[in-house]
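Annotated features, as they stand in TrEMBL:
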{"type": "REGION", "residues": "1-58", "note": "region 'Disordered'"}
{"type": "COMPBIAS", "residues": "44-58", "note": "compositional bias 'Polar residues'"}
{"type": "DOMAIN", "residues": "66-149", "note": "domain 'GDP/GTP exchange factor Sec2 N-terminal'"}
{"type": "COILED", "residues": "67-151", "note": "coiled coil"}
{"type": "REGION", "residues": "156-197", "note": "region 'Disordered'"}
{"type": "COMPBIAS", "residues": "156-172", "note": "compositional bias 'Polar residues'"}
{"type": "COMPBIAS", "residues": "185-197", "note": "compositional bias 'Low complexity'"}
Amino acid sequence: SQVSFEEESQNPPAVGHWKALMPSKGDKDEPEGGCQDAGGVGEPQSTEQLNVSRLRSSSVEIREKGSEFLRDELHKAQKELKLKDKECERLSKVREQLEQELEELTASLFEEAHKMVREANTKQAAAEKQLREARGKIDMLQAEVTALKTLVITSTPSSPNRELHPQLQSPSKAGFRKGHGRNKSTSSAMVSAASQSVAPEPVSRECKEVDSILFAEFQAWKESPTLDKSCSFLDRIYREDVGPCLDFTKRELSELVQVAVEQNTLTIEPVASQTVPVGKVAAEECGGPKKCALSGLPRTCKHRIMLGDSGNYYYISPSCRARITAVCNFFTYIRYIQQGLVRQDVELMYWEVMRLRREMSLAKLGFYPSEM
């Protein structure tokens, strides 16, 4: 606008342009009249030129104000745009944070659901196991009740049953009777209950004498019972009884069995009503119904063991089962003592421990009950 104004100032328009007229020869007598005419024409021209300059200055002022207003509006628009950019950036961060929290929440929900499913499966397996055990006990108790009913029915005043009336037996037989014996076979309980009798055994008195060293070690252990094998009491039993009793041909599996017995995570169950196991371990290591996994010898295996929750089963022979059972009985008893569940005299506890040690020694030598 300033450039155009300068151009217009350099080239003024023809309107209002005038120049002084020189008086001609014929006009010498009228100088005053010519001056008056020139003066009369110049006055309107100067007024018009003044109006044009005013218009030009007002247009320049309007343009400047307009440009200033537009600059202000541009600044406002830029500020609003920056604020909107910041708001968009904040909203994008909020969206990313919400997406991350949603992913974490989804992952935690899935993990919790899997955990609940695992716990439910574990509880279901435990409940099924308890149900099987309860059914076995119920069957055994029903068989015993049936056997007792049979005994009661067969006893009449004219022909009393001597099993129900021990006072009717001869003094020699009555002296050897030691209470009643529970038949462990549920299948033959009904048949054998009516005719069950206790065969007389020769009386043999067993003499016992407390070993001072062993008793002192047991008393020291009893003061602060622990399962740490470093104490003298357990160290001797580990060396003399537990170690030899659990020393099988398969050394690696023997060590795992000893650890499971110490941690109380070993399970023994019969295989008569069980299906063939499918484990991750090779068949030679697991053995089979005709091969013991611990000794590696061809034996008829009526039981199998599981170490912890591994899911792998190992078939064991009756001799190996007797050895493992003897060690488990010993650890169960000393755990009861440690937990304060055994309330007996120290000497009685000592003789019970010695009896359990004798069972481990006999099992190591190959002696085991026939029902194994």
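Just so you know, glycine gets a Cβ as well, placed from its N, Cα and C.
Confidence for the domain 'GDP/GTP exchange factor Sec2 N-terminal' (66-149), expressed as mean pLDDT, is 90. Here the compositional bias 'Polar residues' (44-58) is broken down by DSSP into helix, strand and coil counts: 15 helix, 0 strand, 0 coil. Taking H, G and I as helix, E and B as strand and the rest as coil, DSSP gives the domain 'GDP/GTP exchange factor Sec2 N-terminal' (66-149) the counts 84 helix, 0 strand, 0 coil.
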